[in-house]
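A.B. asks: Here it is, the structure, as structure tokens.
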């Protein structure tokens, strides 16, 4: 049997330290909820083809939407200059434009908002000495990822403003994955500050839980490629694709590797395979943990994680069979975040709470 990893031994938490951890944890959970909302609104923006409706990046002035008919006409005129309007939405009315504008505007507003939700409390906790030393580099790293995400978001939008009629699937998948990394990192820190009970997890359990998180992240990246290519429309049957387990034409482009990123049929096929892999890994993890650590909190979490993956798989199948309706597709995206968040919390819990380190004077 593999030896258990001992939870870090730390000095007894004082009442003040316990309160500080509680407030920092509450703040981070608020950040997580905001991130969840951003990703869902981003998904709706993609599903409604709204992502290119705002053709400029104005970090400050962009908070204020058009306020009068003249400003709306000016905003619409800018949109009419890009290929998406010329080739896809020619003849769109101003009212129809407003419909797609508000999705993109809401997504950008939430993205700006989460910066304040994260940065201002971080500054407060820092200057008041409520942050333990080991938390500071972790939180600064998350803040840096947030700044990078803003730049990647505009880089993604810019890909659809000159020649394409949509954004690059490479950039969209990157944008989604970075958002999930921020979500993942925030969840890990929050869970590390929570009290832990029970015996430490075995090394094998902890390692498997980590790689399961990685597998979920990879699957989300593949889902980003599916969204970017509208690959969910390629085959709307299950379990077969075009009447076969392995459909024809998966590698019709040259070089062959390009199909993994640019052929909608191949991208959907790989995403399906990824789903089966995650499902099998979650099942294996649940069975192995139940055998190695019966009646432990780790085993119960592993079983619950497997059940969440099953629900996500069912929603994914429904999304295909129903030809990607917006509500079901958004439920699929939301469930992906729930699976990722729970998998991350589960992995972090196998390592125990952070050791207590007093904030530097």
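Yeah, the Cβs are placed from backbone N, Cα and C, and that goes for glycine too.
Swiss-Prot feature annotations, pasted as is:
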type     : residues : note
BINDING  : 271, 332 : heme binding site
TRANSMEM : 22-42    : transmembrane segment
TRANSMEM : 109-129  : transmembrane segment
TRANSMEM : 139-159  : transmembrane segment
TRANSMEM : 175-195  : transmembrane segment
TRANSMEM : 208-228  : transmembrane segment
TRANSMEM : 269-289  : transmembrane segment
TRANSMEM : 303-323  : transmembrane segment
TRANSMEM : 324-344  : transmembrane segment
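Set these features in their place in the structure for me.
C.D. replies: For residue 332 (heme binding site), the Cβ neighbour count at a 10 Å cut-off comes to 22, with all displayed protein chains included.
Tertiary neighbourhood of the transmembrane segment (22-42): same-chain residues 103, 106-107, 110-111, 113-114, 117-118, 121, 125, 130-131, 135, 175-176, 179-180, 182-183, 186-187, 189-190, 193-194, 330, 333-334, 337, 341, selected by CB-CB distance under 8 Å and a gap of 6+ residues from either end.
Long-range contacts of the transmembrane segment (175-195) within the same chain, counting only residues at least 6 positions beyond its ends with a Cβ under 8 Å from a Cβ of the stretch, are 21, 24-25, 28-29, 31-32, 35-36, 38-39, 42, 135, 138-139, 141-142, 145-146, 148-149, 152-153, 156, 213, 217, 220-221, 223-224, 227, 337, 340-341, 344-345, 347-349, 351, 353-354.
Below 8 angstroms of C-beta separation, residues 43, 46, 166-177, 180-181, 184, 201, 261, 267-268, 270-271, 274-275, 277-278, 281-282, 284-285, 288-289, 302, 305, 333, 336, 339-340, 343-344, 346-347, 350 of the same chain, each at least six residues beyond the ends of the transmembrane segment (208-228), sit close to that stretch.
If you look at the transmembrane segment (269-289), the same-chain residues 6 or more away from its ends with a CB under 8 A from one of its CBs are 204-205, 208-209, 211-212, 215-216, 218-219, 222-223, 225-226, 231, 241, 246-247, 250, 260, 296, 298-299, 302-303, 305-306, 309-310, 313, 316.
Beyond the ends of the transmembrane segment (324-344), by six or more residues, the same chain brings 32, 36, 39-40, 43-44, 47-48, 180, 183-184, 187-188, 191, 209, 212-213, 216-217, 219-220, 223, 232-233, 301, 304-305, 308-309, 311-312, 315-316, 318 to within a C-beta distance below 8 angstroms of the stretch.
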A.B. asks: Can you name the far-off residues of the same chain, 6+ from the ends of the transmembrane segment (139-159), with a Cβ under 8 Å from a Cβ of it?
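C.D. replies: Residues 51-52, 54, 57, 59, 108, 111, 114-115, 118-119, 122, 131, 167-168, 171-172, 174-175, 178-179, 181-182, 185-186, 189.
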A.B. asks: Six or more residues beyond either end and a Cβ under 8 Å away: which residues meet both conditions relative to the transmembrane segment (109-129)?
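C.D. replies: Distal contacts: 20, 23-24, 27, 30-31, 34-35, 37-38, 41, 59, 63, 136, 139, 142-143, 146, 149-150, 153, 359, 361.
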A.B. asks: Using Cβ atoms only, which residues of the same chain lie under 8 Å from residue 271 (heme binding site) while being at least 6 residues apart in sequence?
C.D. replies: 219, 222, 223, 225, 226, 231
A.B. asks: If you run the three-state DSSP split on residue 332 (heme binding site), which class comes out?
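C.D. replies: Reduced to three states, the DSSP call for residue 332 (heme binding site) is helix.
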